[in-house]
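Over in Swiss-Prot, the protein carries these features:
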ACT_SITE  465  active site, proton acceptor
BINDING   4-33  FAD binding site
């Protein structure tokens, strides 16, 4: 079996590349996917989002090694093992990231990935409803919507931010990210609008695209050129040949793992596992980054939250309405208000993100208290902590060793203390007076730095945004894995294009930026001239040097 291009992974970037590389019919594409089909309400119903990421059917089941700076806790690292990859199990929140994130990419060695370069690709991929005119795409495959925001708590959150002196923004994905405003969702006609729905399924209707189920074991190399992929399907092994290129889009966990299994990575580590070294790239698996967050929860004095919908009868009613009509409480992820804020004067652009929910709920989807409540998910966006993904063995079926080194930089603790206190300030504004009850978490007794630190150590969780393990950079950067056209340095015919190539984590959720990577990488792979650079300038708070708001 062979094709012009062989893509490993049907996730956010992989699906986009399958669509674009096959678009004009000149080239054949094979997509290798180990996961299951994305069928059923647990995947497609937006409100069911807490289920697929906690089910081994749809998730690779990764977790970290015990993290020493948060009391030895091991945190889960969900990655989608399903058509659409993590875009089929995520929270459906759409965030481009801030313009300065991409300017930093370019300045750090990823030339051609500044905001002016990537904005045209965001526009090409978007089909935005309600976004800022002139800044958003309206004809792309990826549908983006805003929720109805029919719960008054969503508006109280935004008004409270305004009362506290912060900016308000009507479109954080437009000219102005900073401020409080509506959150955007990858939902269309009441369904999760994953990369599979947006890109892969339309591509699979073309005669030049084929989906192959199997586990990618290693890249097949002839000398220093990639010529195919060895896969395992059932108990049989086979090789899929690539006439032109192999493209890895297997996630920030599996992409570096696959490179290392193929002899591309830190030489000493490869030799330790008996793997022949093809290219000594010490950066493979390094530079691992993520966003962490905590939940700040309040009781609500009015019975207007989703707490009343958590009983079995209400869930059945919600499910039935969604199954028959794709409407109602099942047709939203319930993340409908958000904020991007700067932590202090001297910070040029937002470094704190908020998701607001009109319910107080735990990570497993159960009520945090036997009462009505609401909560904010809050965390810093640019932690200095860095981790790694390394091989546990040379067995492709064995999970890698994942160490994020969460909270290992002293700034992380100060940042999170500020997040907790800032959220209390926001919840204490007059806009919440009609609704605010007692604080559920951390609790009113948690006040001092030590008390807040202990709360963080026990309760901080991943926002599930791992990235950076195959860093894009200049070819003379010893820690770069791919160049600015996503080509693996030192190997021909091989690229990586997914969130693993991010030099630094972007400001917000990563599905949107990962799809953008797939879009832009496609033009590089096809040898096309990149889309014309944008001359639009993002809004930067004129008071950023003297005020945090």
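Placement of Cβ uses the backbone N, Cα and C atoms for every residue, glycine included.
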Cβ neighbour count within 10 Å of residue 12 (FAD binding site): 34
Binding-site residues listed as 8, 32, least Cβ neighbours within 10 Å: 32
Surrounding CB atoms that lie within 10 Å of the CB of residue 28 (FAD binding site), all protein chains: 19
Residue pair residue 20 (FAD binding site), the residue listed as 'active site, proton acceptor' - Cα distance, angstrom, rounded: 25
Most crowded position, judged by CB atoms within 10 A, among 4, 24 as binding-site residues: 4
Three-state secondary structure, which DSSP defines for residue 20 (FAD binding site): helix
Length of the line joining the Cα atoms of residue 4 (FAD binding site) and the residue listed as 'active site, proton acceptor', in Å: 31
Residue from 8, 12, 16, 24, 28 whose C-alpha is spatially nearest that of residue 465 (active site, proton acceptor), among the binding-site residues: 12
